[in-house]
Amino acid sequence: MESVDSALRFLQKQFSGFENEAIQWSIERRCLEDKVKELENEKVEQEDRFKDALLRIKMLEFALRQERGRYLVSPAPVTSVSNVYARRTASTSNSNGPSNSGNGHFRKTPSGAEIFRRVSSGTERAQETVQYTTHSDPPSSESKMESQVYRLDGNLNAKNKSLETEISREISRPKRNSRVNISGNSVTTDESSANKPFSIPQAAKSNQCTHKLKVKLLGHLDAVRSLCFHPTEPIVVSGSEDCTVRLWNLAGMSNGPPAQRLSAELDSFITLRKHSDCVLAVSMISSENYPGAQPERLGAFATAGRDGSISLVEIPQLDTEKVEPYTYEEYQELKVYTEKKAHDDAIWHLHAHPLSNILFSAGADGVVRTWGINKEIALKSELRCTSNYDSQATGRNAVGALVPTSVHTILTDTKTCAVGYTSGAIGQFDFHGEQLIQLVMAPNIDRFEAREAQVNKVVSHPTMPLILAGHQDGRIRIYDLRAGECIGSVNAHLDAVSSVSIDAAGLAFTSIGHDGSFRVWSITDRLCVFEHMAHKSKYSEAAHDIAYHPSRNFIATAGADGVIKVFQ
């Protein structure tokens, strides 16, 4: 440089350039910050719109379910068999004459609820054809069976109303100790078909559906007695006679070809031993109904066993990168509470209330107990059904109380629950007031031999006041709680029906029995739309439990062979 002045001018020029670049950078930074804020605001608006749209969709779905249930349960007149015959003969005689323009343009059709009031639409068509061709009289009133409803007011013989209403609602029922075998358009009783083979009512091929086996869960060493899905997550919990409880993450299922998918092993991400004897029942509790849940937990699950204790365990977040096994400290964090003397005998069933933090337990000591779920399990009420309500029924314990086998919340009246008993009866309870509302028994169950038709599982329909029950005699019976009677039954399995489950939409239900078969049924016409031999027999037992996922397209079965199968 020539002089100090030129050097100073050069430095000033450089510093001014740096300052201009800094100013320009700050301006660009502010512009970018404004753009980021604008994008963040747009993201928040889009999230709000998405939540609003999702809420609207859920409200529309709820309104649709309510409207459908209101339509299905609305009463409507149904023409009797004799009136059908008279109208058909009149129309036949006047078929060549002029039509009456003032009448007959509109005809009332029966509502959806009448589907459950009849034995079958095919049976009615068969009976009408017989009436038309033989010109015989309508069925006699002496052949009508009446349901027996036992209520608290002491009226142990409450009967149905009039004969005309009964005949217009369904074909006359068979005699006591006879079975109705429905297949297509024919009805036969046990007296006339004693030598005929057992038949399952099958739907037409066009109406049948398919369920593919997705994965086999092979972790248990003995029979799997119970399983339950998480309300929203792809998680299933299972309890086994090997005294362990396993938690499975179905998100890790392979989506490849069937051979590759079924050969892949999916291990449980949590294995617990909380009981000193067989685990007989499990139930899931969502995080919304579990007040003591930590923010990183997905809720909890309860387990019960032959030792009479109930355990509560929290569900951790799904971490696919987590390496088994958990450390001892992590296991101890999940174990919340154990009620060692919940019942004096084995606990056959657990059920979590879908809308509150209430847990139901059905024990072999003749008591159904309700528990409040928080960080601990607190007893709230006890539900008992003594022999005073049904003095001639079998299946009572030493103190005269009926022994419960299954319990389920009535979804159309969430303050009440349905309880199935070894006597073959279904009880409806107000569990807040500890009162028995009614006790219903199917007319074709002999109360002196009722253990042959004991209830193994009860489930409630999501939109209608109906109860589906799987019985020991291989039948699934449908009970209408408003009418207080059994309105239909299905010859479902060759052996005892061990469990039933109904989908969230209420359009189909599944059953599984000790013959090893898993069947899907249409709830409108009670026809089998899918059948699969799911499990192998072991000590005269084959399958113990079946469950629909509440929000995903999964069906899981638990077998005596120690295998859990997941269908989709």
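For all residues, glycine too, the Cβ spot is worked out from N, Cα and C.
Here is what TrEMBL says about this protein:
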- 7-96: domain 'Striatin N-terminal' (DOMAIN)
- 22-56: coiled coil (COILED)
- 87-195: region 'Disordered' (REGION)
- 93-104: compositional bias 'Low complexity' (COMPBIAS)
- 120-142: compositional bias 'Polar residues' (COMPBIAS)
- 161-173: compositional bias 'Basic and acidic residues' (COMPBIAS)
- 179-195: compositional bias 'Polar residues' (COMPBIAS)
- 217-250: repeat 'WD' (REPEAT)
- 340-381: repeat 'WD' (REPEAT)
- 448-489: repeat 'WD' (REPEAT)
- 490-523: repeat 'WD' (REPEAT)
- 536-568: repeat 'WD' (REPEAT)
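Here the listed stretches are 448-489, 490-523, 536-568, and the one with the most C-beta pairs under 8 angstroms to the repeat 'WD' (217-250) is 536-568. Within the same chain, no residue sitting at least 6 positions outside the coiled coil (22-56) brings its C-beta atom closer than 8 Å to a C-beta of that stretch. With DSSP classes pooled into helix, strand and coil, the tally for the repeat 'WD' (490-523) is 0 helix, 20 strand, 14 coil. When averaged over the repeat 'WD' (217-250), pLDDT in the model lands at 91. DSSP assignment over the repeat 'WD' (536-568) gives 0 helix, 17 strand, 16 coil. Here the repeat 'WD' (340-381) has, by DSSP, the following mix of helix, strand and coil residues: 0 helix, 23 strand, 19 coil.
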